[in-house]
Amino acid sequence: MTATGLDKTALSRPERRGFNRDRFENRLFRVLKPIVIVLLMIVALFPFYYMALLSFRSLDSLLQNPGALWISLDEFNLSTYVDVLTPVSEGGQGFIIFMRNSLLVALSTVLLTLLVTIPGAYAVSRLQFFGRRQVSGLFLAVYFFPAILLAVPLFVFFTQVGLRGSLVALIIVYVSQVAAVSIYTLRNYFATVPVSLEEAAAIDGCGRLQTMWKISLPLAMPAVVSNGLFIFMIAWNEFLFALLFLVEKRDSWTVSLGLSQLSGSIEVPTTVLMAGSVIITLPIIVLFFASERLLVGGLTAGAEKG
Amino acid sequence: MTQLSGGADLSGRPPIIPNDGPDLRAGAAPGARRGRSRRNREERRAGLLLIAPTLAIILIAVVVPIVWAIALAFQKVRLINIRETGLFGSYTFENFIEVLTSPGFLQALWTTIVYSVFGTGLAIGIGLIAALALRKPFRGRGIIRASLLLPYVAPVVAATFVWSTLLNPQYGLVNWFGQTVLGWSEPVAFLSQRWLPVSLFGLEIQVPIALVTVICFEAWRSFPFAFLFLTARLQAVPESLDEAARIDGATPSQRFAHILWPQLVPTIAVLTVLRFIWTFNNFDDIYLLTGGGAGTQVVAVRVFDYMTARGDIGAAAAQALVLAAILAILVTVYLRLFGRQEEQA
């Protein structure tokens, strides 16, 4: 389909003297490729390097020498981390409490979502029931809906019933936000488990739930794990709903909210907040590299057509 | 939809015994049919039962709020009288008239469109370059690929904080570099200045610097997503196609234009829709970088301001609703246009 469109001069080419387009392009791209790769690496990674660098410096040394790209041993300073983690009552910024909140919210979101969506995804991929198509369509629509439109009524509701500041309310909202994408990815994976295996189990006397639990779920475990990690990251990183629901209650701030609120005030030094940034980014990076292979599959699985 | 779901039945397990049609084995048929339909009924019930919890959560936390948001958009609701409002207030079009005739909203809408178009385009462009550059295997490619994904997975709050520190006019690295190496006469307030005069070939051009900066941030943050998808697609292109073209003497740029590009177009189209939707709805990035100041107020940030700072719930809901409607229209138009192109090709 494409070869017919090729440049005729390139096709009928006995070795010509002088300018050779092929050789020129090959050489050009051979030079360009490493340059592009190095540039991309710098662009992608430098902000993280800078984050780590500033987190070990004091504010004074930053103000005196803003251009320094590395750090000398006598500048090296861990007090930023102590400051950012120490509870407010002891004069710190209380990130340890934010981390506890975030961990609680993210883990609950993962567990609750998987508990609800594994059977749901199984049903959508395996069982014929009334409205199956419509349900899938609804989930997909939810996934692309503007979060800000949902934020308005939820804000009104939580204000009316006085639930602002409640982590439980936040968890429920998170579950509803990720349930759709979770079902979508899991469904695609369940669809790859051969039906014949389940039929064999059914013939051997397994009930529907037993089959799901003993046959399909273990086979879909990679997808379940990557899905769980994906949900964890979403919940850990989420900002808008945390801002709307938790902002008045410092004790229930999540890490994202804590960092954004503190960075708005002038009293907390930038380098201390950089230590905070490292603390909230590090778990995500560790998780990501530990599970990169699984996760990359999970990220794309959701959008490929099943 | 209902017709399709009838068809979907066939795509499932093929029924061993047809449900209708003349059956010659008169003795066996009725019993088998009854068994089949009982199985069907059981399956239907099990399916609904298994999907019910998810459905319940989505209904409570998504569908009901959306309906409520629509109701709110047609009421004069303010944060102060929020406790008295219910579904049975007095309905009015005032919010929409107010919103659609205010220059601030139209400006925000335009900013949203510019932000989404350029953010999406840049992200996909960079992602494509990255995917092409890392196509051929070499030592360390795996770790490079993984680390290019970091901007996408890192918490947005931390990423925006580092960027605003880097761009800070007093102690930011970019301004330090600009002043000591590039010879800028004064620091640039990338995130709080609306227009920056830049002289180019003797011409003075006004650059909307804050908007350009947030677009760059968006490109930086989401190019890994495009990179990931395009890499996956590139791996599926059969090696033999490329090989054949090479033997026929096609140069690298010709092989890209005639072999790879046609294979990538559908993926790029899907990416465009996905990225456009997400950028269009984006609240976090701009709110955290500029707070919506200096000509970067997109509709999502404006909705938030109306809701929290002004306490005008009705107007906030109306604007969010208009945002969702415009997004739906744009996506539909795009899908129509693109779908037709596919048919022609």
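Even glycines carry a Cβ here, placed using N, Cα and C.
Automatic prediction, not curation, is the source of TrEMBL annotations.
Listed in TrEMBL for this protein:
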type     : residues  : note
REGION   : B:1-39    : region 'Disordered'
TRANSMEM : B:46-71   : transmembrane segment
DOMAIN   : B:109-334 : domain 'ABC transmembrane type-1'
TRANSMEM : B:113-134 : transmembrane segment
TRANSMEM : B:146-166 : transmembrane segment
TRANSMEM : B:195-217 : transmembrane segment
TRANSMEM : B:259-280 : transmembrane segment
TRANSMEM : B:316-337 : transmembrane segment
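Simply put, out of B:46-71, B:146-166, B:195-217, B:195-217 has the most Cβ pairs sitting under 8 Å from the transmembrane segment (B:113-134). Of the Cβ pairs linking the transmembrane segment (B:46-71) with the transmembrane segment (B:316-337) and spaced 6 or more residues apart, 3 or more are under 8 Å, so the two regions touch. Of the recorded ranges B:146-166, B:195-217, B:316-337, the transmembrane segment (B:259-280) has the largest number of C-beta contacts under 8 angstroms with B:316-337.
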